[in-house]
Amino acid sequence: MKSILIVAGKEFRDGLRNRWAFAITVVFALLAVGLAYFGAAASGQVGFTGVATTIVSLSSLAVFLLPLIALMLAYDSVVGEAQQGTLLLLLTYPMSRLQLLVGKFLGHAAILGVSTLIGFGVAGAVIAAFGDIGEFSEFLLALGLFIVSAMLLGWAFVAFAYLISVSVAEKSRAAGIALVVWFFFVLVFDLALLGLLVGTSGTVSESVFHYLLLLNPTDIFRIVNLTFFEAARTHAGLASIGADAAFHPLVLLGALLAWVIVPLVAAMVLFRRREA
Amino acid sequence: MSDTVFSMQRVSKTWGQVHALRDVSLELRKGQVLGLLGHNGAGKSTTMKLILGLIRPSSGELKVFDHDPSAVESSHLRLKLGYLPENVSFYDQLSGEEVLTYFARLKGIERRQVALLLERVGLAHAVKRRVGTYSKGMRQRLGLAQALIGEPRLLLLDEPTVGLDPMATRDFYGMIDELRAKGVSVVLCSHVLPGVERHIDRAAILGQGQLLASGSIDELRDMAGLPLMVRGRIDGTRDALEQRLSQSGVALTRLNGNAFELAAPAGGKLDVLRNLLQSPDLTDIELDPPNLETLYAHFDGQSRKQETLQ
C-alpha cells in the first residue's frame, strides 16, 4: 500500500510541476465561465444565462476536450518509462507490477480529478455569485452531477491511455493510437450509430438504442447531463428523473465507473504479461 | 548460511525460436566481483534479468541467496539487490535529490541516506539541479547512487563506466574495491572493461548465449595459453640474440631503433626470459601478459571459428 502512495505522490507532483494540473484547471474554469457569460450571444445578448443552458452547452464541449486531455496526460505513463529505462529499474524494486500501475493511475486520476473539481467548482461559484441560478440546491445538484460525471469520463480515458501505454513499445505509437481512440469514441461511434438508425429506417428499437449508447463513455456523460436538465426544465421535479429517461443518473454514473474499471483491469492484465 | 550469493545450474532461456541463453552454469560467492563479458546479444542482459527475477529460466536451476528470485514471495530479496541498468535516463524534470529520494522511499530507506549517497558518488554539488542538466557522467553517478540505496548485498551493474571520464572511472573502481572489502558481491557487465582486471575476482565470457569460459584471470590465461608479449631494447646489434632465440623456436620482430618484440609461448616463457637476460647488451625489457581484452578476443574468436566450421 505504501508503494502505491509513493508512486501516486510522485505522479501527482509531476503533474503539478509540469503545470499540467494548472493548465487543465484554468482551461476548465475559463471555459465554464465563458460559456455561462457568452452562451446567449447567439440570441443577441451577453450576460449569465440559465444554469441549464450553461451546463448543457458545457457538457457538449467537455465531451470533446476531457477525453483528449486525459489521453494526452497519461498515454506515455508506462511506455515512456519503459523507453527511458526507469521501468526496468522500478520492476526490480520491492513492489509488484500491480502496485506500480495502480499508483501511477491514482496519481494521474488525482491530477485530473482535482483540476476538474477546482476548475468547474470555481466557475460554478462565479456563476452562482453573478448569474441567476434559481433554486440553489438544484443548482448545486446539477453542478455536482456535472463535475462527478466529468471526473469519471476523464478517468475512463486515463484508463484507456494506460491500456494503450502498456500494449505498445514506443511512445509515438501510443500517441497515435490515443488519437485514434479519441476519434473513435468522440466522433465515429456516434456517426455509426446515426448511420445504423437511418440505414435501418429506425427499426432498431429504442431500448436497444439506449443500450448501444452505454457502449460509449462519452455518450453516457452526455446523457447524464442532458436528461437531468430535461427533467429540470420541464419542472417535473427531480423525482421524475429516470421515469421518462431510460436510465437513472446513478445507473449512468455506475456505467461510467465501469468504463474506468474495465480498461484499467485490462491494462493490468496486459502489464503483468508485458516483458520487462 | 552458505557463502553462495547466486548459483545458476545449466540455465537456459528461450524466446520462441531464439536461444538467449544455453546451459549456462555460473556461481558467485560473498565478496566476489564477477566480470560478465560479451558482445551485444551474447546473453549478458538476460543473465542479469534472470538474477533480478524479472524473467524466469526456461530450464535449469537458479537460486539467489538460496531463493527463487522470480517467486512472488521473494520480493524481500529485492531489498538485497542493487541494479544499474544500461542507458537509464532518470526523470529529467526532477532534481538529483528528488530522484534518489523517490527510489529510496520505494525501498523503505530513510531520506537521511540520500544526501550521504549523493556525496559518496561525488554529486554533492548538484543535488538541487535538475537531472535534465546533468552530463552523461553525472547521470551515471546518479544511477550508481541509486544502485547503492539500502546497502545491497549483491550489485548488478550494466555498463557502469560508460560515459565516465578516467578520473571518475578510477573513483568508481575504488568504490567497487571498498564494497568488495565489506563483503558485497558485484556483477560488472560490459563489452570490454579496460583496466578492470585488478578489480575483479572472476570473469565469465559469454557468446551467442553460451558460457565460453569462466574463472579467475590466471585460470583464463592458462586455458587460453596465449603467448607473453616481450618488448626490449638492446645496445648494439640484434643479430646474435635473434639467432639464439630462433634455436628455441621464437621469432623476433625488429622495431624501430634498437627495440624488438617477441611472443614467448605460454609454456616456454621462462626459458625465453633466461635466454634474454643472458645477453649483456640488453638495456630494457618490458613484459605484457595477455590482458582481459586479449583473452576475451581469444575466447570469442574461438567460438566464432567453431560456429563457421559447423
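Even glycines carry a Cβ here, placed using N, Cα and C.
Only residues 6 or more beyond the boundaries of the transmembrane segment (A:20-40), in the same chain, are considered here, and those with a CB under 8 A from a CB of the stretch are 46-49, 53-54, 57-58, 61-62, 65, 69, 73, 111-112, 114-116, 118-120, 122-124, 126-127, 131. Feature annotation from TrEMBL assigns transmembrane segment to A:20-40 (among others).
The transmembrane segment annotation in TrEMBL covers A:46-75 (among others).
Taken from TrEMBL, the feature transmembrane segment covers A:105-127 (among others). Note on the transmembrane segment (A:105-127): residues 4, 7-12, 14-16, 20-21, 24-29, 31-33, 36, 48, 51, 54, 66, 69-70, 73-74, 77, 133, 139, 143, 146-147, 150-151, 154-155, 158-159, 161-162, 264 of its chain, located 6 or more positions outside it, place their CB under 8 angstroms from a CB of the stretch.
Taken from TrEMBL, the feature transmembrane segment applies to A:139-164 (among others).
Per TrEMBL, transmembrane segment is recorded for A:176-198 (among others). Long-range contacts of the transmembrane segment (A:176-198) within the same chain, counting only residues at least 6 positions beyond its ends with a Cβ under 8 Å from a Cβ of the stretch, are 63-64, 67-68, 71-72, 75, 157, 160-161, 164, 168, 204, 209, 212-213, 215-219.
If one looks beyond the transmembrane segment (A:250-271) by at least 6 residues along the same chain, the residues whose Cβ comes under 8 Å of a Cβ in the stretch are 78, 97-98, 101-102, 105, 148-149, 152-153, 155-156, 158-160, 162-163, 165-167, 214, 217, 220-221, 223-224, 227, 242. Per TrEMBL, the feature transmembrane segment maps to A:250-271 (among others).
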